[in-house]
Each structure stands twice: as C-alpha cells, then as structure tokens.
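See structure below.
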Amino acid sequence: MESWPWMAVVVLLGLTVRWTVSLSSYSGAGKPPMFGDYEAQRHWQEITLNLPVKQWLALFIRIACTVLASFLLCWLPFLTEREHALQVVRRLFPVDRGLFEDKVANIWCSVNVFLKIKDTLPRHIQIAISFCFTLLSLLPACIKLTVRPSCKGFRFTLVSCALSFFLFSFQVHEKSILLVSLPVCLVLTEIPFMSTWFLLVSTF
C-alpha cells in the first residue's frame, strides 16, 4: 500500500504528458501532398474497407518480395562461404520444421481465414464479431475482480482488458500497444521478467 502514492504520481504524470501532446495538431497537418499522419490513416482505412481481398494479397506480395530482396542483398556477402550459405538457406527454407515454424504456419492460416471473413461478411457484422470477441476475452478477468476485488487483481485486470482491446478491436493501429504498455508498468514488481520482456517486444 505504501507504493500507491508513487503509482498515482506515475499515472498522473503519464496522463499529463498525453494531455499536453493532444493539445497540438497532428504531424504534417496542412502540408501537401501527404498531409501527415491523419491522411496516412485515412489511406489505410480506404484500402481495408474498399479493396477486394485479391488486391490486398497483391499489396502483400509486393511488400514480401521487397523484404526478401533486401534480405538477400544484406546476406549476399556471407554466401561465399559454404557454412554461412547453409545457415542462410536454412533460415529462408526451414526444412527441419520445429514447433516455432508450426506456430507461424498456424498464424498464417488464421490470417487467411480472417481475409475470407473480410471478403464475405458485411462491415457491420464484422464489427459485431469483433465486439463479441473483445467482450468475451475481457469478461473472465473482470468477473474475477468483481468477485474477489484486490489492488493486485485490479492492476492485472487493467493489463488483461488493454490486451483484449488491442487483440480483438475492429481497427487497431500498431501504436495502440502503448495503451497496453502503461498498465504493464504497474505490474513490474509482481512479474519483473515478463513485464520487461513484454515492454521490449512491444517497443519493437
């Protein structure tokens, strides 16, 4: 309980910084032709709402080819030695598939399923599905906190609810992970390793 005043100061400081930042305009406002962050977000909204899935995939293939080409250029000097060349080939084509590769494959299959949903279901149903998943994922932590309230439980529930919104909301920007990082800072003393690891990963 002695740490509560310090936690309150940290939270208030964080809120103050966010409030003062929100007073200014968004970056690139009124600067043609791109018009900054707001125009960039509007552009991606137009893509996700109006383009068919086939064109989504065409965008992805172009990006993937660019990444692969730059990757090969970076590793090209190492391909002269046989041992280094084998390591690069194993990275690009993981023949000896392990648990990690299986998980990656499962994630890609899930992405294809979501693309199908996007293509077949109308927008208002997608929003409803997203709402249901968000609600279902945050309910267990909220119910537990209601039945057995505690300061520690409250902090962990904040983390759980923030993650629910980040993972299942209808449209989430990657920077929204910062909304999860804030409550994670409040559980640093309970789970220091996991919290630090999460903050590092979310930064990248």
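Even glycines carry a Cβ here, placed using N, Cα and C.
Keep in mind that TrEMBL annotations are predicted by a computer and have not been checked by a curator.
Sequence annotations record features per position, and here TrEMBL assigns signal peptide to 1-22.
As annotated by TrEMBL, transmembrane segment applies to 53-76 (among others).
The transmembrane segment annotation in TrEMBL covers 125-147 (among others). Residues 117-118, 153-154, 156-157, 160-161, 163-165, 167-170 of the same chain, all 6+ positions outside the transmembrane segment (125-147), place their C-beta atoms under 8 angstroms from a C-beta of that stretch.
The transmembrane segment feature in TrEMBL is assigned to 153-170 (among others).
Long-range contacts of the transmembrane segment (177-200) within the same chain: residues 3, 7, 10-11, 14, 152, 155-156, 158-159, 162-163, 165-166, each at least 6 residues beyond the stretch ends and with a Cβ under 8 Å from a Cβ of the stretch. Per TrEMBL, transmembrane segment is recorded for 177-200 (among others).
Within the chain, the signal peptide (1-22) has long-range Cβ neighbours (under 8 A, six or more residues past its boundaries) at 151, 182, 185-186, 189.
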